[in-house]
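Here the structure is laid out as structure tokens; the discussion comes afterwards.
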Amino acid sequence: MTNLSQPNNQDTLPNATPNATPNATHSYDAADMADQLKVMPTLEARLTTILNEINALRDFPQVTLFKQLLDTLRNRADDATTANEQMALFIRLLRGNRVWAEGFCVFMLTLINRYRQVSLYTDLGILSDAGFTSQFFDLVGEKLLPSVPDDRDLIALFNAFFATPKTRYWVRLINERRWIELILILKVPAGKEALVQALEANVLKAITILTARINGIGLNADLIKAFPNPIDNQDTFIALNREVAEFVSQYQLSMQPGDEQAMPQPEVDSSQILVLTDQARTMMQNIRRRIHRTGITVRTTNMLVRLEQSLQRLELLVSLLSDNDHIKKKTIIELINTLYEDSYHRSSFRYLFGINTALLSRRVTETASKVGEHYISTDKAGYRRMYKKAALGGLLIGFMATLKILGKNLPLAPFGVAFLNSMIYGLGFVAIHIIGGTVATKQPAMTAAAIASTISEVKGRKAAQFTKLTELVVDIMRTQFIAIMGNISIAMPIALLISSMWLYGLGRPLTSEASAEHLLHDLNPFTSLAIFHAAIAGVYLYISGLIAGYYDNLAVHNKIGERIRNHPTLKRMMTPVTLLRFSDFIERNLGAIMSNFLFGCFLGSTATIGYIFGLPLDIRHIAFASANFIHGIFNIYANTGEFPEIGIILVSLFGVMVIGMINLLVSFSLALMTALRARNVKVFEWKFLFELVASHLMTQPSDFFIPRKQPMNYALIDSDGNIIYDDKPIANDGKNNKGHKTTLTSQPEEHPHATTPHIDNISHTEKLTDEEIAEKKQAIKEKVVQKAVDNITPNDTASKLPK
């Protein structure tokens, strides 16, 4: 008799942790307990009837009978206690009747073997290589005109049972321990070994297909360019293909007719496959460590996620064929969890958007440039530098606000107004960056990257990560505060100087009384849409940071600087020194220039777009609002000889402060959400971060406005807010690294992440005896077994598979 798992392990079950589900702990009163006692005999009778039918039809299984079993187990199982009690009853019935247990096992194996299984193992739960647009329209078409399911494919059957919210909720209610107990009971009776062999044959085919896909991704030209050592890394994927082919061949030989058992023979060794998948995963880490130098595209990010998921699935399927029962049962549970979760989310627009925004979030946080704009300072010196840069920006903002007011007097069509305002803003922001100034409340891509790096910096519990992140939030808020003060402290005097010089130099006000009153009205947070317009500007501030990250990455990935230096026309027009300086400037500032210019276009065209569509759209930014505040007050005086009422002045000033606060909160919140999304921080955990920030504000409010006496140190951020990149390649020999990388061309050492090396890969200088080689292989294999047990948990794949 062949066992899917050894029943004598029932008494030594691992301590399984129940799935985190709603109503995991439920208290019953006396009435509930009484109802439960009435239900159990009825449930037992129904289960007995179903199990008798399943045993009778074990060789001719019916899908409707399996559905009837699921419906019976799910009936009234609305909480964890009831669901687990009913599952426990089902397990007791199987354990008490070996015929039922064997019949149920044969029934399920026969049912599964009726269908094509490979796509279930190779496709479900792995990110699609299609783009977002293609997936979106495919899903729209599926919703409007559903496709006819392929009744011969196991995915269709799996979706029919597990793609419903009710079934997913029920599965999540069941403790992992119950599933392990169920797996341990299932036994294949003598004479039915062919069912197991048919299942294993499909798994082997899936392993082969997955390996081919992994090779296709790993040997992709775009990915090869990012490898620190392309030659060795290509060899890894080629060797993986060879090892898998050898493993599949040996396993198939062990399944040939005439063998006494269907389980693999001892010589069928999968340990080298695990070594190579571990090396491939290390290479992906090294790629991410070098992204700031090589750049990355959304497509490449997608490939890295698919490669990571495919490697994990390959390890699961290989472990599924292991002769180690402990590994096998954990693998089965993990594989089922992975498959049913993706089956449930497969037709969800929300999930599609979530996956793609996670990919974009990861790309943004991984490709922040070393150069460009930074809004983080940790000490007094950085605080003073930020004020000087913001003051320089305020100088030009005062003139830009004046030009926008004057532009309203020109008789232009709507498009002309949008173009003029866009050029005033866009070219003005670019000029501010070129002269070394800055605009307050912007959230460059570096901000999200800094937040993400702070989360990654602190290992362990979320509380420690959030505590460190809170300190970073405080530093960002303080730096933005001084940037705001730098902008308005110079923009307001410049506006006053221009209005007074216009009046006394030209003998007439800069603008009319009605226009001046309108400037103040636009700042009133109670009678105008100033808050809404400030929020729109906050969104643009955040988007400008994404644009900066995109073009910074583009400059690195496409080697813009090197292309400029080698451009034949520019080489004729410029001296080598001038061309070098020009190329370095463009490469280092392309992101900032493009983001500032496009940010200005957003600001300048929003009001016109609102006018065209009849919507009350406009923008408010604190720096321009402060300049308009002064222009409004002074020009009312210039036209009437009297200043506005003190109430109007105070309300308008309050409006300027509110606009600045909304600008900052909206832009920073979006940057924070991007970083938290990229690091898989759940939405409900954001509340904890907010509470920590609020507590810091209540206990140490001065930290939000002036530098601390003792600056906060960050492992991955310097005092000027620059990301500290550690792009040194990670060696493949783990903690026992002695400066060697375990590749196909190097000599592997014994380490926790290694596995059985080939005999011809052992260094000739060691001169090991056959006994020593055998001992060494056995020791490493034991470590591989432990590694497989520990690593059968989902990897961080952009929140692809929620646990």
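The backbone N, Cα and C atoms fix where each Cβ goes, glycine too.
Feature annotation from TrEMBL assigns region 'Disordered' to 1-26, 728-759. According to TrEMBL, the compositional bias 'Polar residues' annotation covers 1-13. According to TrEMBL, the feature compositional bias 'Low complexity' maps to 14-25. The transmembrane segment feature in TrEMBL is assigned to 390-407, 413-436, 481-506, 526-551, 590-613, 619-638, 650-673.
When each of the listed stretches 413-436, 481-506, 650-673 is scored by C-beta pairs under 8 angstroms to the transmembrane segment (619-638), 481-506 comes out highest. Highlighted: of the candidate stretches 413-436, 526-551, 650-673, 650-673 has the greatest count of Cβ pairs under 8 Å to the transmembrane segment (481-506). For the transmembrane segment (526-551), the partner stretch with the most Cβ pairs below 8 Å, chosen from 390-407, 413-436, 590-613, 650-673, is 650-673. Between the transmembrane segment (390-407) and the listed ranges 413-436, 590-613, 650-673, the one holding the most Cβ pairs under 8 Å is 413-436.
Counting only same-chain residues 6+ beyond the ends of the transmembrane segment (590-613), those with a CB under 8 A from a CB of the stretch are 369, 371-373, 414-415, 417-430, 432-434, 439, 442, 444-445, 536-537, 540-541, 543-545, 547-555, 560, 619, 621.
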